[in-house]
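Below is one structure, written out as structure tokens; comments come after it.
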Amino acid sequence: MGEKDSETAPIWGKTRQRESNNNNNNVHPMDVESASQSGQRRSLNHSRSSYEERGRGVKEFRSWFAWLIPCFVVANVVVFAITMYVNNCPKKSGDCFADFLGRFSFQNTRENPLLGPSSLTLQTMGGLDVKKVVKGDEGWRLLSCNWLHGGVVHLLVNMLTLLFIGVRMEREFGFIRIGLLYLISGFGGSILSALFLRSNISVGASGAVFGLLGGMLSEIFINWTIYSNKVVTIITLVLIVAVNLGLGVLPGVDNFAHIGGFATGFLLGFVLLIRPHYGWINQRNAPGAKPHRYKMYQGILWTISLLLLVTGFIVGLISLFNNVDGNEHCSWCHYLSCVPTSKWSCNREPASCTTTQLGNQLSMTCLRNGKSASYILANPSDSESRINSLCVQLCR
């Protein structure tokens, strides 16, 4: 399912090509030196042919129709719509942005500048809340958080990136390998995020998207022999990743999910995206002895990556469910996700307020910054979400 006949080009760069000794396009049999022969080398007489053309008929070189990644995009959009329906800002908060959207209107931009739901709704829908994962036996949040987004801006950035990267990778490697790469990378990003961001609710597909970037990079290394411009390709890809991780040090961005997803995808790329080397493809139909399908360095990278991946997941999950705080073992690691400056603070403690309610009048004080304010509640009996929203705004 998903396979089609059309040929696709490699994701990055160009594959190695050999020039024809003739000027026509006729394909001639390739002569290979035999061990039983006297040592005279036969001349190679073949047309210009790419690595993929020579690999035609080998399972690693099928060309696929990309359907899974678009389905992932649709699923993320649908989940966001459901989240906004559950959020129901006009009823639960009253102070909304884009009121004309009715039930789908956004929380006030002071509370959520990304144009989305409240943090309480994200928690209810399955956002990554470490306390609920560890003490509430809700480990499923490590997966569900990857399908939630903090707002329209957050959703658009992730989905456009996913389409640009994921569709090309699925065409090249198929829906099974890319689907596994996406899902497992998102899970790895959630684990690292939970170990270091202990108080905030984390959501988003960024970890899974960064996993695809990591897989693209490792694919170049493990399939080293097929690329002709690999140095430029690696530098370009590393710069793209570095810029995105650099933006992750801004407040409100979960860079640990990015780093965890990228590291998981990088190791998975060695395991899932391995291909036969160039020499085997050229000689696979030739008589006599043939080289091994994979080079020794490919086998070494595959083995080391699989061991590191399994070990990392085991250690990470054991540490998480034993309520280990990664910041206690790495005093500087918090700078990987946010660097404080005079322009912003990296204080990520959840909003907490003391409240005093008399009739429909609410007095509130933020425990984080000491700010106080009074509010009039139109419906005091239905005020939990409204009070939470006001507390978040007051503590900003």
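Each Cβ is built from the backbone N, Cα and C atoms, and glycine gets one as well.
Keep in mind it's a predicted model, so treat the numbers as computed, not measured.
According to TrEMBL, the features are:
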REGION    1-49  region 'Disordered'
COMPBIAS  34-48  compositional bias 'Polar residues'
TRANSMEM  64-85  transmembrane segment
DOMAIN    138-273  domain 'Peptidase S54 rhomboid'
TRANSMEM  147-167  transmembrane segment
TRANSMEM  179-197  transmembrane segment
TRANSMEM  203-224  transmembrane segment
TRANSMEM  231-250  transmembrane segment
TRANSMEM  256-274  transmembrane segment
TRANSMEM  300-321  transmembrane segment
Interface present between the transmembrane segment (256-274) and the transmembrane segment (179-197) (three or more C-beta pairs under 8 A):
yes
Limited to the domain 'Peptidase S54 rhomboid' (138-273), I'd like the whole-number average of pLDDT.
90
Mind checking which residues of the chain, 6+ beyond the ends of the transmembrane segment (300-321), have their Cβ under 8 Å from one of its Cβ atoms?
130, 133-134, 139, 188, 191-192, 194-195, 218, 221-222, 263-264, 267-271, 274, 294
Please spell out the DSSP helix, strand and coil residue counts for the domain 'Peptidase S54 rhomboid' (138-273).
107 helix, 2 strand, 27 coil
At a C-beta cut-off of under 8 Å, are there same-chain residues at least 6 beyond the transmembrane segment (64-85) that contact it? List them, or none.
2-4, 8, 103-104, 106, 116-117, 121-122, 125, 147-149, 152, 155, 158-159, 162-163, 166-175, 178-179, 182, 205
